[in-house]
Amino acid sequence: MEIVISVILLLGATVIANIIHPLLPQIPLAFYQIGAGFLVSWLPQFNKFHLAPEVFLLVIIAPLMFNEGQNTSHVSLQRHFKSIISLAVVLTVATVLVIGFFLHSIWPIIALPLAFCLAAIITPTDSVAVSSITANFEISQSIREKIENESLFNDAAGIVVLDLALTAFMTGKFSLIRGIANFIVVFGGGIVCGIILGSLCGALQLFFQQHSPNSAATISSINLLTPFLVYLSAEELNFSGILAVVSAGIIQGVYKKRLRLTSTSNQVVLSSMWEILSQLLNGFTFVLLGISLPRNMIELANSDSLNPGTLLFLALIIYILMTLLRFIWVQFGKPLKRNNLKNSAVIALCGIHGTITLAMAFSLPITFRNQPFPLRTNLIFLAETIIILSLIVPTFLLPLFLPHKKNSFNEQQFNGLLAQMIDYAIQELKEQKKIDPLTLSQVISILHTQRGPNDHNTIKKVSKLFQRCLGLEIKVIRYYAHKQLIQQNFAEYYNAKQLLRLHKVILTPKMRLKLDWKIFSNVYVNQNIWRTAHLIKKNPTEYRNQAKLMEKWGYQAVLKYLKQDKISDPKCLKILRRYYEIRHQRINKTPEKNTNEQEVLISAFQYEYSYLQMIAKEQICSAELIHALSEKISTDQFVYITSDD
C-alpha cells in the first residue's frame, strides 16, 4: 500500500507542476517538476523510496521510446539517415570511449566498465526537453529534425552500450571482438524483432479497424500493450528490448497513416492517450530527479567517497567535454559537413539530457554479489547533475545563437485553418445518424457563424470585454436583489453561475488564477449557494422564473453598455452581441430543446479540438497557430453554449 501512496504523490506532484508552468512559461517545465520533486522528497514516504531497475526499463523507458518512434516521420529518417547514424551511433560510441577513459584516468577508484556505464547513461538526448528549451526561439526545421531523430536512436544505442558495460563489469570479462559482435547481434536483433512484432500489432489494429464498427477500445488496448509485449519478447530472445520498441514504434507510425484513412476518431483517441501518458511519464521521471537529489547529497556527505562539491565539479568538467566533443563532431564530421559554426553550436547545446538518462541511471542494479552496487549513488548523482547542467546552460546560451520567435502565422493562415476545422466538424456531424435533422441544421448554421474575419488579438479583446460585461450584470442583479425585486439567495446563485461561466473565456493564466480564487471564496465556501442549489433541484420553476428576470436585466444593461462609444472594435461588438442575443433567446426556450442543441454543439466543438490535435501531430503548422485556434474554440464555446436553467 505504501508504494501505491508514493506513486500517487509522485503523479500528483507532476500534475501540480504542469498546472503551475503556464503561469510563468519562460521557465522550462522540467524545472517545475524537479522543484515539485524536491518539495515532495521531505515527506516520510520517500526516505527509502526505490523502484526496481527492471520496472524503470519496462514501465517508463519502453512506452516513452515507443511513443517517440511512432511520432517519428520515416521520410525524415530517410532524408537524414547519414547524420542520424553519425550522431546517434558513431558519436555515442565515441563519447562513451572518450568520457569513460577520461573519467577513469582522473578518478581511478571507478572501474573502467563503470566509467563506461556512466558515459553510456549520459549520452542519450531528450527531444522533449529540447522542445521545451527552444520553444521561444526560431530554429530551422532541418536542425530540429536532426536533433529529434538523433534522440530516438542514441537513446537506444546508449542503452545497448550500458548493457554491454554492465555485463563486462559484473562478469569481469570483456573481449573487443566479442563485444563488437554482441553489439551487432543485440542491435540488429532488436531492430528485426521490433519490425516483425510491430508489423503484427499494426496489422492486428488494421484488421479490427476494418471489421469492427466500435473498435476504438480494442485498438487503443493493442496499441498501449505493444511496447510492453515487444520489449519483453526481445529481452527474452537476448536482443535489445529498447531498440525493438523503437523499431515497433516507427512501424506503428507507418500504420497510423493507413488507420487514419479509415477512422480519424480512433487516431484522435490514440493521440490523446499517448500524449497524456508521455507527459505523465516524463514528468514522473523529473519529479523523481527532484526527490533523489537531496537524498543522494545526504548519502554522499555521510560516505567515504567524493564529497558532493567535488562531484559537482567533476560533472561540470564532463558536461563541458561532452559538449565540445559534440561540437567538433558536428562541425567536422563528414555526414554533417554542411553546418556552419552557428548551427554546430546550436546542435551541440541541444544535446540536452532528460528522462531517458535519468531512467537509465535509476536502472543501475541496486546490489552486486549481495553487496550494494559500487558507487551507485555517485553515478546517479553525476547523471542528475549533468541533466540539470544540460538544461540550464542552453537556457542562457541559446539566445546568443537563435532569434526569438516572431508571430508565426498571419490572419489569412488563421482564417484558412479555421475554415478547414469548421468543415471537418460539420462533416463529422453529418455522419452521425442519430441527430435530429432540424437540430443538426440549427447547429450547422451556428458553426458557419464562426467563419469570417478573425484574428487572435480580437479573441483576447473579447475575453477582456466579457469580464466587464459579466461584472456589470452581477452589479445590476445585486442592485435589484437589494431592492427586494428578486430573492437574495437566487441572485447569489445566478451570479455564482456567471463567475463559473466567465472562467471558460479567460485566456491568460494569471487572470484565471485570480478568478479561481474569487470563485473559491465566493462560490465553493458559500454554504448559502449550496443550500440554494439543493432547493432549486426540488422546485426549479420559481428559480427559472426569476432567472428570466435577472437575464433580462443583465441583457438590457449590457446592450446599453455596448452602445457606448468607448468600444470601437466592430468585431468584438459583433461577438458580444451574438452571445447575449443567443442567451436571451434560449432563456425562453424549453430546457429540452436547449439541451439537445447544446449536446450537438458540444460534439461539434469536440470535433474541432480533435482536428487541431491531428494537425498538431502532423506538424504542418506552428504551435502558436494551434494554440490561437484552441482559444478561438474556447471563446466560441462560451458564446454558443450557455444555459441559465
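Any Cβ shown, glycine's included, is placed from N, Cα and C.
Because the structure is a prediction, the values reported are computed rather than measured.
Among the residue ranges 344-368, 469-493, the one that TrEMBL annotates as transmembrane segment is 344-368. The transmembrane segment (380-402) is in contact with the transmembrane segment (311-332), judged by 3+ CB-CB distances under 8 Å for residue pairs 6 or more apart in sequence.
Comparing 49-66, 87-107, 183-208, 311-332 for CB pairs under 8 angstroms to the transmembrane segment (239-256), the maximum falls on 183-208. With a threshold of 8 Å between CB atoms, the same-chain residues lying at least 6 positions outside the transmembrane segment (49-66) that come near it are 6, 152, 155-156, 159, 226-228, 230-232, 241-242, 245-246, 248-249, 252, 277-278, 281-282, 284-285, 288, 291, 355-356, 359-360, 362-366. Same-chain residues lying 6+ beyond the ends of the transmembrane segment (87-107) with a Cβ under 8 Å from its Cβ atoms: 115-116, 118-120, 122-123, 146, 149-150, 152-154, 156-158, 161, 165, 306, 314, 318, 321-322, 325-326, 329-330, 333, 336.
Below 8 angstroms of C-beta separation, residues 156-157, 160-161, 163-164, 215, 218-219, 222-223, 226, 229-230, 233-234, 237-252, 254-255, 258-259 of the same chain, each at least six residues beyond the ends of the transmembrane segment (183-208), sit close to that stretch.
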